[in-house]
Amino acid sequence: DIDECVEGTDNCHIDAICQNTPKSYKCICKSGYTGDGKHCKDVDECEREDNAGCVHECVNIPGNYRCTCYDGFRLAHDGHNCLDLDECSEGNGGCQQTCVNMMGSYECFCREGFFLSDNQHTCIQRPEEGMNCMNKNHGCAHICRETPKGGIACECRPGFELTKNQRDCKLTCNYGNGGCQHTCDDTDQGPKCGCHVKFLLHSDGVTCIGERHFQQHVILETFSNETCAVNNGGCDSKCHDAATGVHCSCPMGFMLQPDRKTCKDIDECRLNNGGCDHICRNTVGSFECSCKKGYKLLINERNCQDIDECSFDRTCDHLCINTPGSFQCLCNKGYTLYGLTHCGDIDECSINRGGCKFGCINTPGSYQCTCPAGCKLHWNKKDCIGSVPPRATLTCNKTGKKDSCALTCASKAHFLPESDSSYTVSCGTPVLRQGGQHRPTNTSHQCLGKGVPGCPRPPLAGLPRAGVVEHPLFPLETVAAPIKQKASFKIKDAKCHLHPRAKGKQEEAGKAGVQGGSAPCSDCQVAFVNLKCDSSKKGKGRRARNSSNKEVTRITLEFEAEIKPEEITASCNLPCLRQRVEKKLKSAIKALKKSINQERFLLRFAGMEYEVARKLSVAPERQESCGPGQQRLGSKCVSCSQGTYYHGQTEQCVPCPPGTYQEKEGQLSCDLCPRGDAFGPVGATNITGCTGQCPPGQHSADGFKPCQPCPRGSYQPEVGRALCFPCGGGL
């Protein structure tokens with residue numbers, strides 16, 4: 001059973017009490033309300049014929065009512081009857097000389113030789129002579145006024161009327177309720193008193209007696225001068241006539257005082273906070289419990305329970321944490337809290353351009369740094385650098401009539417299996433393009449000219465810095481468009497299948513390598529090689545008719561080589577240099593074609609040699625092994641995760657060794673860290689795992705050591721940065 005009342009999932013009205021039942025709940029309107037519990041409406045008790053039992057006035061309040069009394073009366077402790085207030089008992093009623101209490105009012109009187117002033121409280125000594133209001137014989141009962149003609153005119157106090165003799169004043173119901181305890185009606189003879197239902201008029205014509213006391217009063221009047229019939233026997237609450245006189249008693253929540261007449265409210269809150277969890281408020285004859293903000297009162301009307309604001313829809317824009325009596329809203333990364341519950345995007349670009357070197361684009365919850373044409377974004381995703389990517393190395397050697405070629409990829413290798421019969425391997429980084437085209441010759445000036453901070457050239461991965469010709473900004477770097485060559489080869493009776501070379505062959509290849517082979521394209525600046533092997537396409541057109549069912553595998557190689565402008569000499573200008581590199585690239589492709597035809601072409605990743613295809617005559621591998629870049633996990637083949645690479649010999653995924661990292665899944669090797677040293681964590685998933693980053697306050701061309709401190713007037717709060725920010729303002 002779920003307690004809907006505690007969970008707050010009930011739909012009871014705010015003025016109803018929720019009561020849990022097995023498998024459900026029910027709603028009951030609180031006392032003073034009417035309805036089915038889902039809808040509750042306040043009952044107006046004052047509309048009842050008996051005026052809700054109030055003898056004077058009734059005031060309706062939500063869920064209840066309150067009785068009030070006219071001026072000159074006080075509310076009895078039963079909360080309904082009205083008793084005379086003895087004004088003379090406090091400060092003589094404000095009278096200078098004599099105060100006389102009356103039902104619902106009081107009067108001030110003066111001693112012989114004085115008369116009451118117009119304020120009806122102070123006394124003035126009567127003068128012996130004079131024909132004005134100061135004369136003792138003016139004859140006005142209340143107020144005397146002098147007329148312009150020299151005579152006098154009499155007036156009455158509020159609540160009185162002047163009689164026909166123009167001297168005396170007669171009482172009306174407007175003053176002290178006409179001297180009546182309950183109801184008053186004005187007649188020609190003066191006020192006529194009446195009583196509320198359940199009361200009878202006393203023989204004095206003004207006091208009201210409860211019906212049950214009336215008979216006792218008639219009997220007791222002869223024995224005792226004190227009776228419950230007259231002014232409730234002086235009792236605050238219940239009055240009981242006895243042979244010895246009256247006995248007063250108090251209702252629940254009140255205590256009879258030592259005078260045996262008055263009742264005083266018991267303050268239940270003084271003892272153990274009235275049993276309330278939070279706030280106890282004493283009321284006349286009772287008390288009420290209430291809860292602090294963020295809590296609700298339970299059905300026992302004593303205990304408080306925390307309201308879980310997070311259970312309501314849309315309390316917070318993003319994350320909501322409930323706390324006792326309250327809640328807290330949190331925002332996702334890249335957003336800031338405004339107000340208590342709303343999340344707004346932080347415009348990181350508005351502060352110091354988001355720390356970006358060139359341009360910054362704000363995105364919801366994040367931002368991106370941009371670089372000018374001809375520059376690429378640094379690994380720290382903030383700086384811009386000129387691109388000198390890791391190189392692909394193509395080596396070929398000839399032993400007798402045997403041609404062997406190998407494509408070695410030290411870093412930036414990417415393996416993508418497309419289907420069972422096709423895959424792509426790329427090595428290095430493509431030369432930067434603009435809008436998909438080769439960039440025009442002047443774009444380097446956009447990157448390296450005076451208007452934009454230069455893109456420093458990072459050192460070659462895996463090479464000591466001494467091996468790189470250092471220019472501070474390489475103002476002429478990659479001015480010329482790269483040379484692109486594409487070659488396509490066919491292998492008959494073979495299927496695309498990248499697999500490690502057999503052990504015996506590995507050793508043989510090792511020996512061949514030791515004997516020394518030429519590297520026909522070591523100086524043709526190959527920046528990027530893309531190899532695609534595809535066995536999925538069948539022959540098309542005329543040739544397809546006479547072709548047998550044998551599978552044809554096509555290997556397509558794309559080369560990109562960069563022209564280094566610093567190699568231009570007086571004897572060989574830029575077109576000559578291009579021609580020279582193109583020639584070398586073509587001869588390398590020729591040697592490559594022979595090695596592929598002789599099945600002597602290898603790919604080298606992480607010290608392992610791989611063959612690109614498998615002859616159909618060779619028996620296929622046992623079913624248990626997964627393809628390259630994957631390992632078996634139970635009955636499934638799973639790609640090697642980030643921070644690992646596929647080891648061809650063990651057919652397992654191995655963590656990247658220190659000094660390397662791998663951001664992608666299912667790869668055959670790890671990328672080298674910029675320093676090329678073997679330090680750092682094992683299994684790094686991105687370049688930030690590489691050690692030797694420049695600390696805050698320092699910078700270098702690639703963000704790695706050796707670093708220079710920020711020059712005077714500049715600063716850098718982040719690690720691994722290639723520049724320092726100007727302080728500005730001449731600081």
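Using the three backbone atoms N, Cα and C, a Cβ is placed for every residue, glycine included.
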| query | According to TrEMBL, which residue among Cys310, Cys331 is joined to Cys320 by a disulfide bond? | reply | Cys310
| remark: the domain 'EGF-like' (306-344) resolves under DSSP into 3 helix, 18 strand, 18 coil
| message | Let me spell it out: for each of the disulfide-bonded residues (Cys310, Cys320), count the other Cβ atoms within 10 Å of that residue's Cβ, using every protein chain shown. Which one has the most? | response | Cys320
| Of the residues in the domain 'EGF-like' (84-120), how many are helix, strand and coil by DSSP? | 7 helix, 14 strand, 16 coil
| Given the model, what does the mean pLDDT over the domain 'EGF-like' (1-41) come out as? | 87
| Residues in the domain 'EGF-like' (265-305) grouped by DSSP into helix, strand and remaining coil | 7 helix, 16 strand, 18 coil
